[in-house]
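If you check TrEMBL, you get these features:
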ACT_SITE  109  active site
ACT_SITE  218  active site
DOMAIN    20-324  domain 'Malonyl-CoA:ACP transacylase (MAT)'
């Protein structure tokens with residue numbers, strides 16, 4: 001893998017910590033309850049989001065029912081809330097902001113909005129209102145088309161693109177997530193997705209797994225949601241990121257607020273270039289990746305992209321304390337000594 005990457009990192013041998021934030025599909029009823037009970041800073045996050053929304057999202061997160069939590073309108077907000085709460089617990093235990101210890105942030109799909117807040121681009125009330133608008137807009141767009149998503153396991157990205165092109169003869173089928181080698185997700189209309197098992201015959205793609213999602217996200221079928229999201233994003237007060245942030249649409253960093261606004265809107269209808277984003281960061285010398293949020297889906301993808309780097313999950317108070325006494329503490333001390 002080439003190390004000639006356009007990053008602002010110094011020595012490629014230096015350890016750089018990356019925070020990764022998970023997207024829709026990682027949620028489960030009861031997530032975040034332990035950190036809520038254990039950390040005052042985390043608890044304040046749940047209360048602030050509830051107050052901003054004017055409803056008890058935290059009750060749905062902790063008690064369900066699962067059907068309510070997995071609804072796009074709630075799942076996106078819930079994942080952001082739990083991930084931010086875990087960041088606050090980390091900061092509480094670290095004794096300072098994570099900007100002292102983390103070099104880069106990125107998020108998978110809706111996880112990118114968590115990264116926008118953690119990197120200080122937008123405040124917590126703003127990101128909560130934005131995700132409320134985003135979730136409802138995507139739900140409305142999904143209700144107007146009969147579509148969904150499917151993971152294609154095995155094979156190369158080019159093989160998946162070729163299969164998607166053939167499936168598009170029956171409707172719409174587009175690559176939505178390039179997650180890692182051997183796992184690419186497509187979005188499309190039901191008429192096109194139904195053809196996939198037949199179309200993968202004779203290719204390196206081993207199987208098709210339909211995903212339990214409510215719409216064909218990250219595809220042109222979400223275009224209706226763009227105007228509504230764009231109108232809200234245009235009104236947001238934003239700041240350049242305090243931690244370098246890699247974006248799904250470009251698989252590279254950006255600091256200009258107008259460019260970030262554009263990327264936020266485009267993300268809804270664009271491919272999540274996750275594999276490329278991780279490769280970009282590895283090329284920048286990053287070797288410690290911490291997934292902050294429920295589950296360890298992104299840690300699993302990381303190992304399939306490059307198993308030479310280290311991945312950790314932070315989804316409990318035990319893992320909060322472990323990371324604060326380990327790599328994050330070391331990086332915070334290194335940053336303090338260099339200042």
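Every residue, even glycine, has its Cβ placed from backbone N, Cα and C.
Annotations in TrEMBL come from automatic prediction, not curation.
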Assigned conformation of residue 109 (active site) - DSSP reduced to three states: coil
For the domain 'Malonyl-CoA:ACP transacylase (MAT)' (20-324), mean pLDDT (0 to 100): 96
Rounded Cα-Cα span from residue 218 (active site) to residue 109 (active site), Å: 8
